[in-house]
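Trainee: I am attaching a structure below and will ask some questions about it afterwards.
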Amino acid sequence: MTINHLILQNLKKNLKNYYLYVFALMFSVALYFAFVTLQYDPAMDDVQEGIKGAAAMKTASVLLVVIVTTFLLYANNIFIKRRSKEIGLFQMIGMTKGKVFRILSAENLILYFGSLAGGVFIGFAISKVVTMILFKLTGLDRIATLSFSVPALVQTVIVFTLIYGLILLANYLFVKQQTILSLFHVTSSSEDRVKKVSLFDIIIGSLGIVSILVGYFVSSKLFGGTFTSMETLFIAMIFILGSVIIGTYFFYKGSVTFLFNLIRKKKNGHLAVRDVLSLSSIMFRMKSNALILTIITTISGLAIGLLSLSYISYYSAEKTAEHYVPSDFTLTDMEDAAYFKEALDAHGIAYDETVIDVLIAEVYVKDILEEPLDGVNFDSDIMILPVIRDTAVESVNVAPEEAAFTGYNDMMQQFMSLKDSGSIELRGKQKVIPQNYIGLHSEYLVSTYFSSGGLPLAIVNETTFSQLQDDINPEIQLDSSVHIGIDIKDARQLQEAVVLFHETPFTSETPQYAQVEMSQSQKQTFGLAMFIVGFLGLTFLITSGCILYFKQMDESEEEKGSYTILRKLGFTQGDLLKGIRVKQVFNFGIPLLLGLSHSYFAVKSGWFFFGNELWTPMIMVMLLYTALYSIFAILSVLYYKKVIKDAL
């Protein structure tokens, strides 16, 4: 047999056994090429407009490379260890280490760059679909075209050639460092099998569960008023991160073994074949794979969490725009409003107008704060708030000595939570007007120009408002003191009104807002974030799922002898598959459930920073991630089925 024939035979064998690796490699290349193609697409100029958009795309492409590189190196490590006996045989028949390395390199070259070419072709084919998805998410009215980008091809080839160089280096070091004898023991020694549960396992296992639960508990208190200074907040975040990650490692290192051993003891040693194939195998293997499982679980939680938060922001974009701009159009200058209304009247567009006088006042709120805010560089006892008269609000009516708040942002409430009632003071230039605070309402009545994006609006009686008008502090007043809201009666005429809004020659330097454009701006920002996070999350899901699948391939080959014995003892293929299915539920389910749990507590602790709806976006992301992740568990069961079938 010639060397070339040997290479082709090995290549054929590897392609047959490692088809999922080839698929994952092609998929990774396709994603990267499609992603880089977007950066060179002229139609993407609006999305990448500004430093932040372009930087986000470039950062995402770097993270994509890091994920793919880590996966390929880890997968290559699994495969070369699996071929250790084959490498040992090559050396036993007289091949030098250099020759063995050249054979491996030639095989990898054909397999790798063949997959690279296939991946580029797939990436080119899906690039239009990817662009369409991005345009849809960001709300851009653009036509996606199918075009081949030479710069994207060059960048992809350079990046994956460098990754190939790292793979060659890893293979070279492996072949050089191993002796012939050690090559025949690599597989058997790669996983440390535990023969019995020790006291150390019980302690580690208990610590793991407690550490995770403590991290969850602290995260639930993160923005609840327990940590009132920036220093303690930062320390708490670091503690949560460390506690959960270390707890996850200890969980795999000891908790799984400990818990499953309790189940086994409860059965008093009467284990069915299903239990032998599932519980025992998982007990002995998860401990040795604790590090990689911890990494997969942690990054899965991170990916699910980030995708949930970005989807929460995207999902809440319209509601957020309504909070910032409570009418279809808001203006802050009467003359500009007159120009705009004149244009609407000229085109027969009916509208409703709301005019609200707004003053800015210092409000002493110390007595109604739930907790004092420490560690900040401003006086938290005093808020600079917009103030309006109650006659401007149909649903609120206050007495001369009373005041109410409305439109307080959820995020601000987490940091500066208010009591239901108490005493406040409205401070003018010289006078102090004491008021009884009677509660917080949910309506948003003036634009973000007055509310600074999250501060509440104070509603007072006409008498109190007049007193403030006579004693205003000019140093804190804005350039405008009037809010004009215009709502189009017929929604079908809204787009025409937006065009007129842009054509109106506004003369004031104070801002004017269109709600629909604020919503589009929010969707464009968060749509890009969701697209990038989704892209990275999908890449990690595919690569981590493949790693778990490859581990199951190795385990199935190692346990093939056991299946042969069990088949000879009379157990059917169906009997064995019952245990295998349970095993895969645990092998894939435990990292998935832990990742989902980590992401749930992370998202729940700070979701209000990103939007005003938690459950629907988060559940949708989790269900989608679970469905895609389950595919690899199903593939593992099918592979085991093939191994069991071949066992006799």
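Even glycines carry a Cβ here, placed using N, Cα and C.
So Swiss-Prot has the following annotated:
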TRANSMEM  18-38  transmembrane segment
TRANSMEM  60-80  transmembrane segment
TRANSMEM  110-130  transmembrane segment
TRANSMEM  150-170  transmembrane segment
TRANSMEM  199-219  transmembrane segment
TRANSMEM  232-252  transmembrane segment
TRANSMEM  290-310  transmembrane segment
TRANSMEM  528-548  transmembrane segment
TRANSMEM  590-610  transmembrane segment
TRANSMEM  618-638  transmembrane segment
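In the displayed structure, how are the listed features positioned relative to their neighbours?
Mentor: Distant neighbours of the transmembrane segment (18-38): 44, 57, 60-61, 64-65, 68, 71-72, 75, 79, 111-112, 115-116, 118-120, 122-124, 126-127, 130-131, 134, 147, 149, 152-153, 155-156, 159-160, 535, 538-539, 542-543, 546, 549-550, 635; these residues of the same chain sit at least 6 beyond its ends, with a Cβ under 8 Å from one of its Cβ atoms.
Only residues 6 or more beyond the boundaries of the transmembrane segment (150-170), in the same chain, are considered here, and those with a CB under 8 A from a CB of the stretch are 29, 32-33, 36-37, 39-40, 65, 68-69, 72-73, 76-77, 80, 105, 108-109, 112-113, 116, 120, 123.
Outside the transmembrane segment (618-638), and at least 6 residues removed from its termini, the chain residues within Cβ reach (under 8 Å) are 20, 300, 303-304, 307-308, 311-312, 537-538, 541, 545-546, 548-549, 552-553, 577, 580-581, 584-585, 587-589, 592, 596, 599-600, 603, 607.
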Trainee: Using a threshold of three or more Cβ pairs below 8 Å, and leaving out pairs closer than 6 in sequence, do the transmembrane segment (590-610) and the transmembrane segment (199-219) count as in contact?
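Mentor: The answer is yes, given that the two segments have at least 3 Cβ pairs within the 8 Å cut-off.
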Trainee: For the transmembrane segment (528-548) and the transmembrane segment (232-252), check the count of CB pairs under 8 Å (sequence separation 6 or more) and say whether it reaches 3 or more.
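Mentor: No, the stretches stay apart by this measure.
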